[in-house]
Structure formats: structure tokens, C-alpha cells
Amino acid sequence: MTWSQDLAHKTYSIRHWADGYFEVNDAGHMVVMPLGGDGVRISLPEVVDAARAAGAKLPLLLRFPDILGHRLGKLQAAFAQAQSEWEYAGGYTAVYPIKVNQHRGVAGVLASHQGDGFGLEAGSKPELMAVLALSRPGGLIVCNGYKDREYIRLALIGRKLGLKTFIVIEKPSELRMVLEEAKTLDVLPGLGVRVRLASLGAGKWQNSGGDKAKFGLSPRQVLDVWKVLRGTEYADCLNVMHFHMGSQISNVRDIAKGMREATRYFVELSRLGAKITHVDVGGGLGIDYEGTRSRSDCSINYGLQAYASHIVQPLASACEDYDLVPPRIVTECGRAMTAHHAVLIANVTEVEAVPEGRVPGVCDDEPAVVRHMREIYGELDARPAIELFYEAQHFHAEGLAAYTLGQIDLVHRARIDDLFYAISHGVRERLSHEEKSHRPVLDELNERLVDKYFVNFSVFESIPDVWAINQIFPIVPIERLNEVPTRRGVVCDLTCDSDGTVKQYVENESLDSALPLHVLRHGEAYRIGFFLVGAYQEILGDIHNLFGDTDAVEVAVDGRGYRIAQQRCGDTTDVMLDYVGYALDEVRRVYAQRIAAAGMSAAESKALSDMLEAGLTGYPYLSDVPLE
């Protein structure tokens, strides 16, 4: 089959997960389209080269703030269309929960969009302090999470300053504190209740909804809240009904089911006399990380318009049936707003190729297990391949046991491995996925016979959800996509941890245990992109092996194509050591003391001192200069 652009797109499932923001150009480069398919196309290798020329180093996080605005616009347009179709007059506000990515370059860009169609959500005191500064005058702020009196006072101060803050009651004890602090500050609070739905979405994040959810009020607790407020000056302050169906909901039916239950709460609260002006449906809108358009955990079987319609329709019908004023619909779809806007670029530092397998020459003292393996290899064209592979596995295991017991030496142990790999490659060539009986063995061989691509990054820092919850992220070389990828490899990071390996890859509208990659060329960089990493990954990343934040640049669209709008240096080694309690002055003193005690010349002492200082203040990651 002739390699082509279309085949590159198909191999890496790009058109299914990219959602119109990424594609391959004629030069074989991955390109980004921050304004969607009709906008400017920016070559990722060119951006990386420009950033490196400006001093940035790999691994490098590329942020495209224009994608944030474009995603927000698509979300608002989808709800505008759904409300038009269902003749719903309540309006819509897209709220960004900053826990998804609190960086100023993300939350600030989104907050710069004016109008009633955007708001912010905070789930902690530090987040609330950020949101109070980011929000526009009169802007909607949803205050979620655990609350103490200070949190509540800060939210109420926001209302006194002209912000539309709503304190969502998630625990029965919070209401009393809110009313007491409101009285002290002489302000009418904006109140909401978070109802705990029984409906439960499937997937990795299902515990954020359902009866066992961490947050939310039971039906009895909701009634108790209303009982306290009813007939008081605060009764008209209860304006928000909030709930959460889950995060990254894969199946649109789960959304429909959750909305049916939530709509009943809205109707009942309204019939009791509560003036619910906002229904906050929480998050749930998923991203198709896999590009499989399915109900699997890291995919979705619906589009943005279908999501909006399934939110609007139940509320529209309920308002018509019960003659209720349509409430403003609020969503907290932070993942959908931010995932596409960030790409991590890292260079491959080395490849450990899978042994091709060779048939060693016969020696006089050859153990029986080696002779058996040699006989199996000689029968590859004469006997069923699967039968031969199982025999090879048996004798390979027998050989390992014999070596452990001291019955064979290292030379013969190596010969057994050579023959086993030669047999494995020969068996794989004789199997086909078209034959159902071949598939289990072929899958096992494809998983075993892969190269290890060592990449200059940390799984735990840059894509921690891969380690924590087996999250899928699309991974694609950003160059040479006009060439056939002749190798299959797994991506391994720099950490001293076997978990620092990516185990599943997006390929051909499915998932596989390895990724099609290219052979490295001497003196030439080979760079890989990790896509859809804009939600949660920066914030959740940890410092395993003291690998810290990577360098990052913001790439903005302008009249000439693009410009590097902002560059942020990543953590240096001294920053990481200070973070874990090392006194840097003491570290430097010890270095100097040991150099002085080594009895070297002044010139050599200075050279070593300079190298130690450079190591202390340098980037924790490896050099991004390709090896000659």
C-alpha cells in the first residue's frame, strides 16, 4: 500500500480525535488550526524550532489560546441552536471550573470573554481568590466544594463588590454558616443547592455522580434546606439548582437519564416556592481521546450538538408542562473547553530495538533445550505456526529455568533468546488477523516484538492520568508523516519507574499496545506530540525523580500567521531541590568544600565548580540536541 496523507491521518486516527484542530500537511508535518478548519494552519515543527531559537527547551508545552476561545464559542453556539430548536427562552452560560487548569494563561483567556454567556467556578479558597480577580463586573461565579467561614465570607464579599456569586450548599452544615455570615456582612447571599442524583454514568469518573457521590444533598436534606429558608428574607435567595452527572460521560443515554431525574428536582423545588433562576448541570461533556466514537471510557458516542440538545429538551418540556419560567442553563464543561489547546512536544533520545533474532551456529556442547529450539526454527515452513510458537514458549521457559539452576551458562542462555526471537518473528510473518484463530497469538507477538522509544519527558509530570487511571492520549510524531513508519514502538519516559511507560495507543480508529514510528536518523531530531493534554494534566502532574514543570510557550494567531506571545521557563534543578527541603547555600558550600579537598589546580577547580553550578541551575530533563 502506497503511503499518503490520508493513510497518515487514518493510521493515527487524527480526523476522529482532532475535532478539526490538527491535521497532516504535504510536508509530513502535524499542523494546528487554532481557529478551526477554515483558519490559519501552523506547522508544529516550525513552532518548536522557533521556540527553541528563542531559548525554549524540550520537552516543551505548546499552548494555543485561540483554541480556548474557539471551543467556548462552539459550546455557546451549540446551546444557542438547541434553545432555538426547542423554543427555550432561559438562556445559557458556559462556566469554566478553574480546577481543570488554573494557569493564568488558560483561566484568564477564557475569563476575557465578556457577556452573560460565560462564568467561572471555584472549588477552594485559593481558586475563589483567583476567580474574584478574573471575573468581569457582574460576572457569574459558582462557589462549590467544602467551605468554612472564611470561604463563605470571601464569596459574600464578592457579592458586595458587584459579582454574581452563588454559594452552592453541598453539606447541610454550610447553610447556617452562610446565613450567619450574610447577616454579619449585611448582604443577601446568592444561594444554590447541589442535589445528589441517583443516576450514575459509567466510566473512570462515575463516582462524581450517584448516591455515593462525595458532594450533594439527599432528597431529605434538600427539603431541610428549603424548610430553613422558607418564609424568611432569604427564601428568594435560593436561585441555583446544581447537580453533577459525572465527568467524561461516554454514553449520551447517561446524560438523558440524568437530565430526566434532575428536571424532576427543578420542578419540585419550583412547586415548593423556590425561585430557581439557574440550573447548573455541572460537567460531563466528554472528549473523544481515542477517536473511536464509542462508549469506551476515553471516547464519546455523541457530538456537541447532541449534548446541548439532551440538556435543553427536558427542561423545555418541563417548563411547558408545568407552566414554569425557563431557568438559565449553566454547564461546567472545563475538559471540553481546554483539552485541545495544549500539546506536549518531546524528543526521542534513544531507541532500543527489539532483537531481530538470529540463528547461532551449532556448537559441540549444545544443551538439549538449545537443540529443541533450533529444530523448531527449522520447521517454520513445515508445521502450523501457532503450534510451533507454543512449543518455543515451552522450551524458552525451560531454558530460563535451567539457567537459574546453573545447568546452562550465559552463552547458551543468550542462544536460547536469539532462537526464540527468530522463531517469534517467523511465526508472526505467517499469521494474519483475517484468521480469527490467529488473533490471540498475533496480538501477543505484536505486544512482545516492539521497540522501546525513550522520550525526553516524565509521564508522571506531563500526562499523569496515563499512570493514575490508564487515560488515553493521542500520540503522533510531529514530522516525517510523509514517510512510512516502519517500526512499532512503545513510549518510555526518563523516570526510574516501570510505570513510566505508555501502554495503549490510538491507532486506526482503535487502541493498540504499540505505535507505528520511524527509524531514527543520526544527527536528526525525532519529536513526538502528546495531544489533548490541556485539561487537568499540568495541575495534577507530580515531581517523580524531581522532574518538574516543562518549558511552555503560548502561540497566538496574528495577521502574519502566528507569534510566540509568551514564554515560560520550566523548573530548574535548584527549584526542585528547594521544593523538597534542600538548603541551596548548604549544597553549594558542600560542593566547594569537596572541590577544595580534592587537591586540584585552580583552573580545574573552577571548571568543576562551574559545571556543578550549571547542573544545579539547569533544566532537569535531558539535552534536546540529537546525538551524532
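Please read every residue number as a count from 1 along the shown chain.
From the backbone N, Cα and C atoms, a Cβ is placed for every residue, glycine too.
Annotated features in Swiss-Prot:
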MOD_RES   Lys99  N6-(pyridoxal phosphate)lysine
BINDING   Val279, Asp280, Val281, Gly282, Gly283, Gly284, Leu285, Gly286, Ile287, Asp288, Tyr289  substrate binding site
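A map of Swiss-Prot features onto the structure.
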residue: Lys99; record: N6-(pyridoxal phosphate)lysine; contacts (Cβ under 8 Å, 6+ apart): Glu121, Gly123, Ser124, Glu127, Gly334, Ile539
residue: Val279; record: substrate binding site; contacts (Cβ under 8 Å, 6+ apart): Val240, Met241, His242, Ala262, Phe266, Leu315, Pro327, Arg328, Ile329, Val330
residue: Val281; record: substrate binding site; contacts (Cβ under 8 Å, 6+ apart): Phe243, Met245, Met259, Ala262, Ile311, Ile329, Val330, Thr331, Glu332
residue: Leu285; record: substrate binding site; contacts (Cβ under 8 Å, 6+ apart): Leu75, Ile249, Leu304, Tyr307, Thr331, Cys333, Arg335, Ala336
residue: Ile287; record: substrate binding site; contacts (Cβ under 8 Å, 6+ apart): Gln248, Ile300, Arg335, Ala336, Ala339, His340, Leu532, Ala535
residue: Tyr289; record: substrate binding site; contacts (Cβ under 8 Å, 6+ apart): Trp17, Cys298, Ser299, Ala339, Gln471, Ile472, Phe473, Pro474, Val506, Leu532
For Lys99 (N6-(pyridoxal phosphate)lysine), the three-state class that DSSP assigns: helix
Neighbour count (Cβ, 10 Å) for Gly283 (substrate binding site): 24
Three-class DSSP secondary structure - Gly283 (substrate binding site): coil
